[in-house]
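First up is the structure itself, then whatever we jot down about it.
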Amino acid sequence: MAPSGPTGAQPSPAEPLSRSIFRKFLLMLCSLLTSLYVFYCLAERCPPGSGPVAGVPGRGVPAGPRELAMWPAGAPRKRLLQLRQRRRRGRSGPGDSSDQEEQSPGLAAAPGGSGAGSSVAEAQPGTLALLLDEGSKQLPQAIIIGVKKGGTRALLEFLRVHPDVRAVGAEPHFFDRSYHKGLAWYRDLMPRTLEGQITMEKTPSYFVTREAPARISAMSKDTKLIVVVRDPVTRAISDYTQTLSKRPDIPSFESLTFRNRSAGLIDTSWSAIQIGLYAKHLEPWLRHFPLGQMLFVSGERLVSDPAGELRRVQDFLGLKRIITDKHFYFNQTKGFPCLKKAEGSGKPHCLGKTKGRAHPTIAREVLRQLRDFYRPFNRKFYQMTGRDFGWDG
């Protein structure tokens with residue numbers, strides 16, 4: 001019998017045809033893998049700024065419709081950006097604050113957050129940079145402007161689940177405390193966003209800051225404003241409870257509430273009381289923004305029906321309704337809805353340990369007098385916003 005030929009030669013009549021096909025397939029596969037490996041090695045050696053790359057902003061040729069169509073959808077893009085941010089953070093030294101990941105004060109141990117003073121890390125050189133837009137920092141298109149202890153932190157954390165929302169975790173306090181630093185400084189606080197994503201921030205004190213409406217309007221008259229409001233009586237008690245946890249030696253709630261207890265005069269100079277005068281604080285905002293550019297979210301419904309309120313918010317922001325009932329579960333211990341999966345994490349997360357903190361017991365007569373005091377302000381607020389929040393029922 002004649003000896004067999006070398007590998008890849010024509011099969012002998014006795015050799016099955018399938019074995020020959022399989023052998024050729026293996027050769028082609030090995031060649032393909034070798035070529036891909038060589039291409040990958042060469043790409044990794046190329047410096048990030050070696051030349052214009054189509055479709056990558058800041059690297060030459062701007063992205064066109066063809067490149068945009070090839071980019072991943074919103075959610076995968078957001079996860080990839082967060083992954084690159086965490087990797088870059090691991091390599092950064094302690095003094096490199098520009099690459100530090102923001103830590104939201106509200107969501108305990110929630111990885112992948114985004115907030116003040118941070119930036120998404122630059123794309124690593126190589127093939128990923130050809131497919132991913134690294135994004136850019138933008139001034140916020142939407143701001144949660146109030147109110148303190150109304151549920152602003154919960155709303156922001158819920159919104160950050162949406163793949164098209166990028167938000168600062170910490171409160172920037174730009175329009176009330178740091179306006180002198182300029183818009184460039186403010187923009188640098190923002191996270192990077194991709195095409196189709198919106199930038200957000202929340203600072204509840206803006207709502208009661210006299211200069212804030214004009215300053216935000218000067219930045220952009222198209223800014224969308226969200227106000228989370230809550231029964232002013234329970235809001236005041238919650239405000240006091242937070243202060244009490246930091247300063248246990250402060251006077252009682254009752255003594256701070258009244259300017260003259262025997263006459264029943266409420267002390268409106270106390271910030272816990274003054275913030276609840278929503279109608280008064282809303283007036284300057286309506287001089288700079290149309291009512292249709294503002295959304296008033298019920299803090300009570302954010303607890304009882306978070307998906308319903310988030311549906312309104314998503315519609316207001318022009319976002320696809322992605323956040324639904326399936327994203328929430330009710331924590332019986334805290335008496336508050338929690339996220340089944342927080343941003344950048346596959347694990348359930350509730351807001352921080354202060355959420356659901358027990359309030360001190362307030363005398364019924366004090367509560368009655370406070371409700372009587374707030375009633376005319378509440379009714380005016382209902383008329384101004386076109387929504388009855390039911391605080392006087």
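The backbone N, Cα and C atoms fix where each Cβ goes, glycine too.
Features as listed in Swiss-Prot:
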type	residues	note
BINDING	E171, P172, H173, F174, F175, D176, R177, K202, T203, P204, S205, W270, S271	substrate binding site
CARBOHYD	N260	N-linked glycosylation site
CARBOHYD	N331	N-linked glycosylation site
REGION	85-121	region 'Disordered'
TOPO_DOM	1-24	topological domain 'Cytoplasmic'
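Shown here: features listed in Swiss-Prot, placed on the structure.
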{"residue": "E171", "record": "substrate binding site", "DSSP (3 states)": "coil"}
{"residue": "R177", "record": "substrate binding site", "DSSP (3 states)": "coil"}
{"residue": "T203", "record": "substrate binding site", "DSSP (3 states)": "coil"}
{"residue": "N260", "record": "N-linked glycosylation site", "DSSP (3 states)": "strand"}
{"residue": "S271", "record": "substrate binding site", "DSSP (3 states)": "helix"}
{"residue": "N331", "record": "N-linked glycosylation site", "DSSP (3 states)": "strand"}
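Annotation for T203 (substrate binding site): same-chain Cβ neighbours under 8 Å, separated by at least 6 residues, are I143, I144, I145, E171, P172, H173, F174, F175, D176. Cβ packing within 10 Å was compared across the binding-site residues H173, R177, and the lowest neighbour count falls to R177. The Cβ of N260 has fewer other Cβ atoms within 10 Å than any other of the recorded positions F175, N260, S271. The C-beta environment of S205 (substrate binding site), restricted to residues of the same chain at least 6 apart in sequence and closer than 8 Å, consists of G146, K148, E171, H173, D176. Whole-number maximum of the Cα to Cα distances across the substrate-binding residues E171, P172, H173, F174, F175, D176, R177, K202, T203, P204, S205, W270, S271: 24 angstrom. The shortest Cα-Cα distance from N260 (N-linked glycosylation site) to any of the recorded positions (R177, S271, N331) is found for S271. When Cβ atoms from all protein chains are considered, those within 10 Å of E171 (substrate binding site) total 21, not counting its own.
The two recorded residues, R177 (substrate binding site) and N331 (N-linked glycosylation site), have Cα atoms 36 Å apart.
Note on N331 (N-linked glycosylation site): other Cβ atoms within 10 Å of its Cβ, all shown chains, come to 15.
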